[in-house]
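Enquirer: Have a look at the structure that comes next, please.
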Amino acid sequence: MNQELLSVGSKRRRTGGSLRGNASSSQVDEGQMNRVVEEDPQQQARHQEEEHTARNGELVGANPRPGDQNDTQQGQVEENNNRFISVDEDSSGNQEEQEEDEEHAGEQEEEEEEEEEEEEMDQESDDFDPSDDSSREDEHTHNSNVTNCSSVSDLPAHQLSSPFYTKTTKMKRKLDHGSEVRSFSLGKKPCKVSDYTSTTGLVPCSATPTTFGDLRAANGQGQQRRRITSVQPPTGLQEWLKMFQSWSGPEKLLALDELIDSCEPTQVKHMMQVIEPQFQRDFISLLPKELALYVLSFLEPKDLLQAAQTCRYWRILAEDNLLWREKCKEEGIDEPLHIKRRKIIKPGFIHSPWKSAYIRQHRIDTNWRRGELKSPKVLKGHDDHVITCLQFCGNRIVSGSDDNTLKVWSAVTGKCLRTLVGHTGGVWSSQMRDNIIISGSTDRTLKVWNAETGECIHTLYGHTSTVRCMHLHEKRVVSGSRDATLRVWDIETGQCLHVLMGHVAAVRCVQYDGRRVVSGAYDFMVKVWDPETETCLHTLQGHTNRVYSLQFDGIHVVSGSLDTSIRVWDVETGNCIHTLTGHQSLTSGMELKDNILVSGNADSTVKIWDIKTGQCLQTLQGPSKHQSAVTCLQFNKNFVITSSDDGTVKLWDLKTGEFIRNLVTLESGGSGGVVWRIRASNTKLVCAVGSRNGTEETKLLVLDFDVDMK
């Protein structure tokens, strides 16, 4: 019986077979252990003879040498006590070898599939900043040292084979237990006692599950650690175990030190097989899928990609479409990305459109930051006139000029699709939604255009001076004029629905959210209107000079003035909440999103504010700041884009305020070249450039930062 066990054990060693299936990568083979722990020559010869005999299909130990008979019997008991295999005495060695060959063939196929999957994951991981990898490795090393669970196999191969290491291995440092004998903390669980009375080959531990493997078994996801019970336990084992349990913690450690010193390599290997899985607990696999996904949702996307390379089950979780939809929602990504795959996806690994959308957006952001600046598309038009207004929606660009025309351009091809002719004065304001374009002119009219055909649908009469500003909301547009009035129009019928009168000077800026109208004028006033009743709800007084810019989010009104200040108002009460100071000149442009305000000033600086607290978060300045007045700006959750009279367009980091790089630098910058307007989408930047002295040709520049997802 013992001889058959040893024969099967030798075959298991030779093929690497184990019923545990997924063995820890830190387990070592017996060849490595033989190099690490020195053995006497007789013992080495005996192991070599056993392996040679096993290869020829003979029973090991049938004819032991007389001098080694006792050692052989003792080795048989140890071999059986240190194996995780269950022996069926009726099965033959050839049958087991055939089964294991099939098992290894299947494992080889799985490894090939995993290599292909890992290549794809590596490509995705490359898209993210790897700067945190070193810190994660340091953390892993630190944790390994704290738990004392590292093994010999974790060492590099050259270190294992080093003569110095081999000679010094057996001089293992013992635990310094000290003079005091103190027990472990109450949280330490006692060792489990095996049930040796069972007649079966292997039985599960009868104690309450306390390890990861036990928990898996309790949940029906795996088997508990099985113990070898096919051999009668040695006399006095139970008494020794009871005595061991009665010792204090340090005394147990001392006993374990001595026990390890007396073990052979195969016994040390067995201990590692038992101990190491306890420090590699995959708690994610224990949880229901919903809870596992909830836990993974707290990871950063780059960490999710790393987690996906842990194992197949983790990759299935990390590819979950709903998980990536939440990540996209956090980044403001509204649509999933459906791409054609070049290869067939293996069963069980479903492509995530939301994950693809997230990775695409990350690549686009990287292009904005440090991608190669390719030559922009140049859209020439309007001769040498000034481009006074600029709109960009989808793949369509609309530019208005003081040459009395508007032009519609393709952002993809750069071609002028049509020229909108009809105004008899310069165009100074415009709005666009879908296929509708609305323009305001010095000829005192507004016109509604069909962007597809270039047809003028309506001409809106009523103002008695230049239409200087407008704001479109759904089917209505509100216009402000130098005649000091505001008018509300229905763009479908062309009718003037309401006239708002109250300002005593030209209206310079207007905002409309569909319920209330907010206007700023040269009379230093900001007014809040109910357009349906044509009544002024609040007159916001405080500025000491002309109001040039406005922002309105439905709760707060933000006004910028020539008096250098910016004021934040409560739209319901009309009270001034904050006065933002710091700029030195006219605030010519502002943008407000989610309580974050970015303001551009004629003093060449840009500031980022929190309107809830009134605090200035960042001032975009320094050696790379603009050298002249800021003409236009736009921002998203990552970047701020600014243009200036100095002929440059600059990119800044919204959170840190750091300068990233110049996106546009005109050769005539500083000598007359000006960037008048900018408009940006997620992937494109449109700049209206020219000059006031003829040094720069009037044109549009289109820069593309999109990526190709194959």
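Just so it is clear, glycine is given a Cβ too, placed from its N, Cα and C backbone atoms.
Annotations for this protein, taken from Swiss-Prot, read as follows:
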REGION    1-158  region 'Disordered'
MOD_RES   S26  phosphoserine
COMPBIAS  46-55  compositional bias 'Basic and acidic residues'
COMPBIAS  69-84  compositional bias 'Polar residues'
COMPBIAS  87-132  compositional bias 'Acidic residues'
COMPBIAS  133-142  compositional bias 'Basic and acidic residues'
COMPBIAS  143-158  compositional bias 'Polar residues'
MOD_RES   S230  phosphoserine
REPEAT    381-421  repeat 'WD 1'
REPEAT    423-459  repeat 'WD 2'
REPEAT    542-581  repeat 'WD 5'
REPEAT    625-662  repeat 'WD 7'
Enquirer: Please give the sequence-distant neighbours of the repeat 'WD 2' (423-459): residues at least 6 beyond its ends with Cβ less than 8 Å from one of its Cβ atoms.
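Expert: Hits for the repeat 'WD 2' (423-459): 388-389, 391, 393, 396, 398, 400-406, 408, 465-472, 477, 479, 481, 489, 491, 493-494.
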Enquirer: Quick one: average pLDDT across the repeat 'WD 1' (381-421), no decimals.
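Expert: Summarising the repeat 'WD 1' (381-421) by its mean pLDDT gives 96.
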Enquirer: Looking only at residues six or more beyond either end of the repeat 'WD 1' (381-421), which have a C-beta under 8 A from one in the stretch?
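Expert: Residues 427-434, 437, 439, 441, 447, 449, 451, 453-454, 456, 676-681, 684, 686, 688, 690, 692, 694, 697-700, 702 contact the repeat 'WD 1' (381-421) from elsewhere in the chain.
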